[in-house]
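Chemist: To start, I am sharing the structure in question, which I have written as structure tokens.
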């Protein structure tokens, strides 16, 4: 699966995507993540990607021209099953169900907004969907892109070393979250691990875990 991320700050992604599970997945060829500097598709010497909003108002708005050019250049091969995503505060809140749905695509082109937002024509005529990661304001779309890539990449076959981990993870079944987890030491500052987890009785352990699943609220 390929992720193409359009941004004006491509270096932001380097450290996160080069480490841990995502880094190993890329080295193994299980996923491919490419960041693209939007300024490559500008036509003036200053590499301008934003301008003042019509009607007045604070801040600057990202222009549609460079974004449309970037997406057109990245839509290869033409018959690829792809989805174009714009990260936006007014987008649909991203969930695990969205991650599972988007994991079925061969290519995801992600547009990271900045400044006061992106020209509405990008959302209306170019993007297939707008995604938000929560009801709060962020400086740009780069952090949402990291969240979405991480959530989708780990669903690709072979990315997680233990597929059972994927089955048992939080939110893998509707809105049920994970059971509590404990590790050594058995007694930490007087707080002890539940005895059933030390018993070796797998049936009782499974029962305890089911009884201690926490709902996502």
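Cβ atoms are placed via backbone N, Cα and C, with glycine included.
A TrEMBL annotation is a machine prediction, not a hand-curated record.
The following feature annotations were taken from TrEMBL:
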type    : residues                          : note
BINDING : 113, 133, 134, 135, 136, 137, 138 : S-adenosyl-L-methionine binding site
DOMAIN  : 1-214                             : domain 'tRNA methyltransferase TRMD/TRM10-type'
Chemist: Just name the winner among 134, 135, 136, 137, 138 (the binding-site residues) by count of other CB atoms within 10 A of its CB.
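Modeler: Compared across 134, 135, 136, 137, 138, the most Cβ atoms within 10 Å surround 138.
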Chemist: If you count other C-beta atoms within 10 angstroms, which of the binding-site residues 113, 133 is the most crowded?
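Modeler: Sorting the candidates by Cβ neighbours within 10 Å, the top entry is 113.
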Chemist: Using only the residues recorded as binding S-adenosyl-L-methionine (113, 133, 134, 135, 136, 137, 138), report the maximum Cα-Cα distance in Å, whole number please.
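Modeler: Output for S-adenosyl-L-methionine binders 113, 133, 134, 135, 136, 137, 138: max Cα distance 16 Å.
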Chemist: Mean pLDDT for the domain 'tRNA methyltransferase TRMD/TRM10-type' (1-214), rounded to an integer?
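Modeler: A mean pLDDT of 92 is what the predicted model shows over the domain 'tRNA methyltransferase TRMD/TRM10-type' (1-214).
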